[in-house]
Amino acid sequence: MLLLIDNYDSFTYNLVHYLGELGAELDVRRNDSLTVEEAMALRPEGIVLSPGPCDPDKAGICLPLIDAAAKAAVPLMGVCLGHQAIGQPFGGTVVRAPVPMHGKVDRMFHQGRGVLKDLPSPFRATRYHSLIVERATLPACLEVTGETEDGLIMALSHRELPIHGVQFHPESIESEHGHKILENFLNTTRRLETAA
């Protein structure tokens, strides 16, 4: 079972739909409807942090849940707000983007790592955000796995743990390869099941 944390965003159920199409069993909970302890007691095979309208500090249990997932090596993927939230517990800073993006389709450049494995570079992805993880503050444990042409971080992964984030919206109809990106994340949860 995947635990999907809903950060009160209209895109949440697009994620639910895409993940369901890929065969994932989901338990969807609002970010303020359970504690970190309750979330981890569900023993999720993976955790997805949805987009949302706020900054990571106001996203309910997201920040401490990332810490708990990291300590337990539970695969975790963040989308938009969820991606930004991944940067903070490891020491990164979330700042205002140079230009707010609301429904802009942009080209994503990458090296085929993390959840962007086996995708062409560049590909088209939809951006809805006014905040970004600041590259200058990115801690050594996180690596940039995708970026815009002007170098803004659009995807990151933990170097040792199964933790991944994408700033763009793979669940948007305008984004290319959304199902494949989510499938790549699901494969990290399945590999851990097989190893257990």
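Cβ atoms are placed via backbone N, Cα and C, with glycine included.
Residues or ranges marked as domain 'Glutamine amidotransferase type-1' in Swiss-Prot: 1-195.
Marked as L-glutamine binding site by Swiss-Prot on the basis of similarity to another entry: GLY52, PRO53, CYS54, GLN84, SER130, LEU131. In the three-state DSSP scheme, CYS54 (L-glutamine binding site) is classed as coil.
Residues or ranges marked as active site, nucleophile by Swiss-Prot: CYS80. Around CYS80 (active site, nucleophile), the C-beta neighbours below 8 angstroms that are at least 6 residues distant in the chain are ASP9, PHE11, SER50, PRO51, GLY52, TYR128, HIS129, VAL166, GLN167, PHE168, HIS169.
Look at Swiss-Prot and you will find HIS169 (among others) tagged as active site, for GATase activity, backed by sequence analysis. Around the Cβ of HIS169 (active site, for GATase activity), the number of neighbouring Cβ atoms within 10 Å comes to 23.
As annotated by Swiss-Prot, active site, for GATase activity applies to GLU171 (among others), with the evidence given as sequence analysis. With a 10 A radius on its CB, GLU171 (active site, for GATase activity) counts 25 other CB atoms from all the protein chains.
Between the binding-site residues GLN84, SER130, GLN84 has the most other Cβ atoms inside 10 Å of its own Cβ, all protein chains included. Distance noted between the C-alpha atoms of GLN84 (L-glutamine binding site) and GLU171 (active site, for GATase activity) is 17 Å. When each of the binding-site residues CYS54, LEU131 is scored by how many other Cβ atoms sit within 10 Å of its Cβ, CYS54 comes out lowest. Neighbours of the L-glutamine site: apart from GLY52, PRO53, CYS54, GLN84, SER130, LEU131, residues of the same chain with C-beta atoms within 8 angstroms of the site's C-beta centroid are PRO51, ASP55, PRO56, ALA59, CYS80, LEU81, HIS129.
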